[in-house]
Each structure stands twice: as C-alpha cells, then as structure tokens.
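These notes are about the structure you will find just below.
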Amino acid sequence: EETEVLGKEGKLSRRSLETAESAQDEAPFKPSDCTTLGILAVPSWMMPSDLLGFVGDEAREHVSHFRLIRTGRANKYMVLMKFRSPKKAGEWQKAYNGRLFSAAEPENCHVVFIKSVEFLSPESDVATDSASFPRNISDPFTPPKPKMPGPGKKFSSKPLAPPPPNLLELPTCPVCLERMDETTGLLTILCQHVFHCACLEKWRGSGCPVCRYTHSPSYTFPYPRPEHNPDGSDNEPLCSVCAGSENLWICLICGNIGCGRYDGAHAYAHYESTSHCYAMDISTQHVWDYAGDGYVHRLIQSKPDTKQLIDLPSRDRHENEAFRSEGGDTVPREKMESMANEYTYLLTSQLEGQRRYFEEQVERAVDKASQASVRAEEAASQASKASRELAESKQERESLSSRLNTLEANLAKSDKAKQKFEQMARDMSSKYREEKTMNEGLVQRIKAAEEKAEQAKKEAEEAKEAKKDLEEMNHDLTMFISSQEKVKELQAQGEEVEMGTASVPEQRKKGKGRKK
C-alpha cells in the first residue's frame, strides 16, 4: 500500500520500497539477514528529536543511519533505519512493531523489513540524476552511481592510466562541524540535510538548522497545491489556526498563513516558534520584518520621484501566492522597479554587512592563528625543555632504580642476618635463663655447703679441744700409771721410796729420717 502511494505522489523522483511481504524476486528473502528496517506512517507531529527519543538510546548505538522520507500524505512520513547487525534489527522489529508512538495518540508503529531501495523517475522508471534527487555519499540507502565511459576513451590509443584511489571526503555536520561517518550515527531529515543524531537531538526548534524547513502541519501551509477547480471557484485564504479571513499575513519562507496582531496574532506566534522573520500582508503585499520590527520597504529611502501607488490584491488568485503559476499583472511597472531597487539595495546592504562580518571573523581568525602560533612555539620550547627534563629524570630514575636494587639486595641480606642474629639471641637468652637457673641452684647449694663446712669446722674445733683434753688426761693417766709401775718395781726390789719426784721425759717428735 505504501509503495502505491509513493508511486502516485511523485513528479520528480520517488522511492519505491519492497517489504518482506511484497517482494517477489527469485532469491528468497530472509528477515534474519536483513539490516534495514522501515517505519511506515510516522505522524508529522513527531519531530526528529521526538523520533530519536522514541527509538531509544540503546537502539541508536546499533543504527548507523536514519533517513526520513516524504510520503503522499502530508501528515505522515516514513523512516528508514540501517542497523549494523541483523540480530539487533530483528530484536528491535519485534520489540517496537505495534507499539504506540504516544500514549495520547492512537497511531501505532508499523515496522517492516526492507529488502531493497530503488530510485524511479515517473517517465522511464530509471535511476534519477543528481538534479532531481540529491546524492549523499554517506547514505547507505542510495545505490552506487553507475560509471559512464567518457567520450575520449573510445578513440584513445594511449594506455589506460592506473585507477585513482577511492578517496572520499566525508561531509561535516552543519551543527558541530565534525566529520560524519557511520560510527557516529547519522540522520537525514525530509529536506535531505544530514546531521549527527546527537546534534539534531540537542537542536531546540522544529526547523532544520540549515534551511529552517519544518514538516509539522501547524508550521506549514495547510492547503493543497493549486489545481484547476472544475466549478471555476477559488477558495478564500484562511488563517491556519483560527480560520480567520481578515488581516492575513503569509510567511515568505514556508508559506504559513496567520492572522495579524490585532486579531489572533497567529502570524507572530508562527515567527516565535520557527524564527521565520519575513511575512507579507496579503492585502497590501507589504513585507514585515519581525526581527527588525518594521516594514522591509521602509528600511531604504525610496526615490523622490517615485509615485506612491497602492495595489489592491486581486481576488482571482490562489491563497498561496508562492504556488501561483499564472496571475493578473495588477502591479504598476514603476512600483515593480522601485521594489526591485529596494530589494537590490537591501540585498547589497545585507551582503556588505555580511562581508564586514566575515572580514572581522577572518581578522579574528588570523589573530587567533598568530596567537596560536606563538603559543605553539612556546609549547614547543616547553615541550623540548620538558623532554630534556624527562630524559634527565629518566637517567636519574635509572640510577636510582639500580641503587634501589642494590639497597634491596643489601636489605635482603641484612634481613637474613637479622633473622639469624635474632635466632641466636633467642638461643642465647634461653641458654642464659637455663644457666641462670643452674647458677641460682649452685649458689644455694654452695651456701648450704658453706653452712655445713662452718658447722663441721666448729665441730672439728670442738673435737680438737676435746681431743686435747683427752690427750692431757691420757698423759696424766700415762704418767700416773708409769709412776705406779715404777713404784711397784721399787717395792719389788725392796727399796723404800722416801721422798722422790717422778718426771716424765719429754716425748720426741717422731719424724721421718733416713735409715743408716
């Protein structure tokens, strides 16, 4: 169904998509090997940032490119998603197919597998040229451009030159000015401008950051393109919000029609929401600049001989003057010339202002470049100094590391000696305690022996004294006995003993002598 809608809608070049259900090629289609998904009939109220939020951060990491495609219905568009792996594509299709876009809206998300993408023209159904459909080298959905042989190659007799290397300059993101490749995650919106997903998600506003294109129905012209009406009647221009028919202003950028400030101020609300600063009064064709808060034709002083003409609008024209193919020449020639001169002067002044602005930017860039070169030279000198200091510190570190190794070896040796000496000290202390215990026992035994010796000495002295007494008594007894025997001998001899004394001869000391 979506393929038929796209085929009916196109006048320049349109894209036909073959889903897994409608593909009738000979080769069987395997959804498990498919990396391209399509979301059909996405409501136009979903901005690109809303779409990225609906897809989720986890899915964005596995998608290399998003592409938004305009469909035949003004309030719907289609999204193509190129996944890096078929597994993640299948998981996302199962998880999001049939899910509501929003809890407040009844639209469901219809996710299908995309087998192939073809670019067709309405006449010959062949690939379109670059003028009808813009080509993007980083778009995975765009088929490779066929190489056409040059006219000079047919008649050239020279040998063919080697083919040049396949070098492509990656485009830059208009928001962050960084290179865009498949690893960063890209998003192509309806106006065919490509951005990083993260940059477009952070962009505040519904318009394109480059061309201010908006695809929301509330920001674009709500009426169909002008066609011939069978009844010959034309529709009245109406406000896109309140459907008012008086004091209407049309946006010169997107064609939105809104009422003036004294009615509903919907034209000014459109300027606040989209920043489209130029609007034209439909009745007087005067252009108002919201940014400058004044009419554009009053910014430049008119010629003194120009006639002041007021042109009343013709009623037999379409409500969107930008789409009118034919119309009555109701504007005087002098007014057209004056308006052309005014717009020429305005464009010249704007270009002059832009030239001065960009010259200032170039001067600032030159100043920044000179300052950057000075800083680069300083940084180079500092880097050379730091490199020298680094080399010195490396040498010092090497010497310190060698010294540290030596000290660590000495420390290990000292630790071993320390352990050995500690063991010896423990052994000596244990021996000392044992010897001390033995000495204490010996001292006690010596004291007891000394006491016994003193007591024995006393007993020996007493024995000596007793012996001496006994010897004296023995001597006395011996003398007494010897005297008694002597007396008895004398009595036996018959002699009388009158007066006499008995003397005991002194005893000779017995000594050792030599025998003669």
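Any Cβ shown, glycine's included, is placed from N, Cα and C.
TrEMBL entries are annotated by machine, without manual review.
Remember, predicted model here, so these are calculated numbers, not experimental data.
Copied over from TrEMBL, here are the features:
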type: COMPBIAS; residues: 1-18; note: compositional bias 'Basic and acidic residues'
type: REGION; residues: 1-29; note: region 'Disordered'
type: REGION; residues: 130-161; note: region 'Disordered'
type: COMPBIAS; residues: 150-159; note: compositional bias 'Low complexity'
type: DOMAIN; residues: 173-212; note: domain 'RING-type'
type: DOMAIN; residues: 209-316; note: domain 'UBP-type'
type: REGION; residues: 313-334; note: region 'Disordered'
type: REGION; residues: 369-403; note: region 'Disordered'
type: COMPBIAS; residues: 386-400; note: compositional bias 'Basic and acidic residues'
type: REGION; residues: 449-468; note: region 'Disordered'
type: REGION; residues: 490-516; note: region 'Disordered'
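For the domain 'RING-type' (173-212), the model's average pLDDT works out to 79. Counting only same-chain residues 6+ beyond the ends of the region 'Disordered' (369-403), none has a CB under 8 A from a CB of the stretch. Mapped onto DSSP helix, strand and coil, the region 'Disordered' (369-403) counts 35 helix, 0 strand, 0 coil.
According to DSSP, the domain 'RING-type' (173-212) comprises 6 helix, 7 strand, 27 coil.
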